[in-house]
There are 2 protein chains.
Amino acid sequence: MKETAQILREKGLKVTPQRIAVYNMLLNSTEHPNAETIYRALEPTNPTMSLATVYKTLDYFKQLGLVQELNVGEGSSRYDAVVKCHPHTVCMQCGKVQDLFLDELTEIHKKVKEELDFQVNCEQLILYGICGDCRKNKIEA
Amino acid sequence: MKETAQILREKGLKVTPQRIAVYNMLLNSTEHPNAETIYRALEPTNPTMSLATVYKTLDYFKQLGLVQELNVGEGSSRYDAVVKCHPHTVCMQCGKVQDLFLDELTEIHKKVKEELDFQVNCEQLILYGICGDCRKNKIEA
DNA sequence: CTGGCTGCAAAGTTTTTGCAAAGTC
DNA sequence: GACTTTGCAAAAACTTTGCAGCCAG
């Protein structure tokens, strides 16, 4: 696996501890954290880290295609280091956000192009519902 | 067509000029306005209308299923009086947001249920791209 | 060194809240 | 008349900005 430092350098960014920390946190997490969550996770190990830097860093990363911003209807944006367009499920009970990969979407792109003359670049599909765990807990309760 | 006043009454809401105005504006527009836009559109005819009331009204409507909130990645939320879950296209050039109806999504719901044990209630599919008009203008320019 | 990066605090946006006055039923 | 709803202003929540000092290359 490529070094985070090298990836940043290739994108023309200076390599700083803050940037490495943010990117690694996103790579090693599946929870799609928001800026605040990233900040709080990194604060203990990077005592000088500031929330503004997290925002600035995420903004750079987003523009350089290193991360994807995701808004599932909460107040704040979540971030995902998986950059390729892919759907997400959002559990309306526990709030968990999970990745998902579906082939069916390419067909939809084609159809929309033909029928509406709309050229799709990227899509965001958010499936709201109740995850298996929460359904189980509901029945037990 | 059912009277707006009657719809509100059936939902257990008191009928006020502000609520009628907001709901009618959403019904008669296809632009998926945000709270600010609604407010500015109604201000001339409803001089006492306030932005806070627009927000409160939209919040009631959302909870009662009269409108749908839509976040396409701008700072603010847009609102749609078409309540049934349906996809939207967002033109990355002109910003236009359009409705779309696709049957393919029911299949996706079924697949996600079977493979991930995730029960989908509602989905939000946003297709980002360039609309026909903008592509035409680009070629001409 | 030098230009980009950080961290702070202040400001900007969007949305929510508290409460007195007004309006609905 | 009882109880909501409104509108104002203040506050909250999230994000961006300005700038002095710091750090990577």
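Each Cβ is built from the backbone N, Cα and C atoms, and glycine gets one as well.
What TrEMBL annotates here:
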BINDING   B:C91, B:C94, B:C131, B:C134  Zn(2+) binding site
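A sphere of 10 angstroms centred on the C-beta of B:C91 (Zn(2+) binding site) encloses 20 other C-beta atoms. Neighbour counts of Cβ atoms within 10 Å were taken for the binding-site residues B:C94, B:C131, B:C134; the minimum is at B:C94.
Chain A comes close to B:C131, taken from the binding-site residues B:C94, B:C131, B:C134 by a C-beta to C-beta distance under 8 angstroms.
Note: the Zn(2+) site is recorded as B:C91, B:C94, B:C131, B:C134; in the same chain, B:M92, B:Q93, B:G95, B:K96, B:I130, B:G132, B:D133, B:R135 also have Cβ atoms within 8 Å of that site's Cβ centroid.
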